[in-house]
Ligand SMILES: NC(=O)c1ccc[n+]([C@@H]2O[C@H](COP(=O)([O-])OP(=O)(O)OC[C@H]3O[C@@H](n4cnc5c(N)ncnc54)[C@H](OP(=O)(O)O)[C@@H]3O)[C@@H](O)[C@H]2O)c1
């Protein structure tokens, strides 16, 4: 059989593992596809850089545009990352009728519409399994296996770096700064950890997941995002004392009337009995709740060269098979055209710790404020006495707007010395 020619854009952490696997598994891949794969070229930024894999120097180029538009190239794998030049290169490839496999969550969440439109016009495939949760097969199940069901909610841990940091804080009592430093030393966090610890990476993934789950167009701008930098060792200890653990969650949920959805990334307390509570270190896990299927859980390595390359290779086999069959996989599905509702409309619960004056009537005034905002209290507990007195309150479900207004009101009460911590509670409804 005539080989299918593959252009690889990027030969870093993921790209080098893609080359290794294409080489090591060449015979199996050819048998599974029905034709051999041949690497047509590898675009990089610096030709002389030392690589984690042996690459024929004749294949390396810095002219990515010429590579993706070459007539003999059938499939383009984009593992450069970032918005440009990745977007222009993918669009150029798709416009020339090539199929594209990408791991680029940032680009898909920023401007997926442009890529999908180019795929539609070029009649090619755009596959992106590796863009969310690395090795874990998650997008294909949402896009294909659950195509006959109605997804109600997707709730998950989709960023390994923050999970590693929060896990260390939980198990060792470390501060955020110390846990981050350890994660950096071990290679779980970048020197500039902003994208992870401020929730940008998870927000991009949440946008992709929500789009697939609700058959609507969702971008990173639709995602309410809060990171983990403000979480203290005291917050973690307080959660622990109540049987909870703090995780950075990505939550995509249909509204009760089904006419909109909420998509958010923020730290939240979840009960230790929840399956996501047991997700340790840098692992990822995603819980999908569908009307007929019920609850499904996907768990595994969410990043790393080889795990991510596994997902890229899975897509490569799929698009190669489609090309040989003269067909293509499912196009973007946005027919439902639902809109993301504002965070204020999201229904959630809250854990709040208040430093209060230890005197009669305090509890009544606090309770009165919650009632004024229509937020009912599930549990209340006093810890300490005198200047150390703290009220720890867990609410019932209420809109985020009502909860925020209650927190504002508490900050203004003269009997409240400080609102020591506020954390949403998820996963026990
Ligand atoms: N790393 C992971 O665990 C992981 C997991 C899931 C998804 N992803 C996604 O996979 C993609 C790649 O990530 P990575 O970690 O492999 O990145 P990386 O290690 O930084 O590698 C990027 C590669 O792209 C090349 N490159 C950069 N700008 C270029 C340009 N203008 N033209 C041609 N080549 C260019 C670089 O060339 P030089 O080598 O010459 O610098 C390098 O080989 C990103 O979208 C990322 O979000 C990564």
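Cβ atoms are placed via backbone N, Cα and C, with glycine included.
TrEMBL: automatically predicted annotations, no manual curation.
The active site, proton donor annotation in TrEMBL covers 205. The NADP(+) binding site annotation in TrEMBL covers 9, 10, 11, 12, 13, 14, 15, 16. Among the features that TrEMBL reports, NADPH binding site is placed at 105. The L-homoserine binding site annotation in TrEMBL covers 190. Per TrEMBL, domain 'ACT' is recorded for 351-424.
Feature map: TrEMBL annotations on the structure.
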residue: 9; record: NADP(+) binding site; DSSP class: strand
residue: 14; record: NADP(+) binding site; DSSP class: helix
residue: 105; record: NADPH binding site; DSSP class: helix
residue: 190; record: L-homoserine binding site; DSSP class: coil
residue: 205; record: active site, proton donor; DSSP class: helix
Handout entry: Position of peak Cβ density within 10 Å, selected from the binding-site residues 9, 11
Key = 9
Handout entry: Cβ under 6 Å from ligand 1: qualifying recorded positions of 13, 16, 190, 205
Key = 13
Fill in the blank from the handout: Among 11, 105, 190, i.e. the binding-site residues, the one with its Cα nearest that of residue 205 (active site, proton donor) is 105
Handout entry: Local confidence of the domain 'ACT' (351-424) - pLDDT mean
Key = 94
Fill in the blank from the handout: Cβ density check for the residue listed as 'NADPH binding site', other Cβ within 10 Å (all protein chains) comes to 26
Exercise for the section: Tally the residues of the domain 'ACT' (351-424) by DSSP class, grouping H, G and I as helix, E and B as strand, and everything else as coil. Expected result: 27 helix, 30 strand, 17 coil
Handout entry: residue 190 (L-homoserine binding site) versus residue 16 (NADP(+) binding site) - Cα distance in angstrom
Key = 19
Exercise for the section: Quick one: pull the CA-CA distance for residue 15 (NADP(+) binding site) versus the residue listed as 'L-homoserine binding site', whole Å only. Expected result: 18
Practice task
List, in sequence order, the residues of the same chain other than 9, 10, 11, 12, 13, 14, 15, 16 whose Cβ lies within 8 Å of the centroid of the Cβ atoms of the recorded NADP(+) site.
Solution key: 8, 17, 18, 44, 79, 80
Handout entry: Set of same-chain residues at least 6 away whose C-beta sits under 8 angstroms from residue 190 (L-homoserine binding site)
Key = 161, 184, 196
Completion exercise
residue 13 (NADP(+) binding site) has its Cβ surrounded, within 10 angstroms, by a count of other Cβ atoms equal to 16
Practice task
Round to a whole number and give the Cα-to-Cα distance in Å for the pair residue 9 (NADP(+) binding site) and residue 105 (NADPH binding site).
Solution key: 15
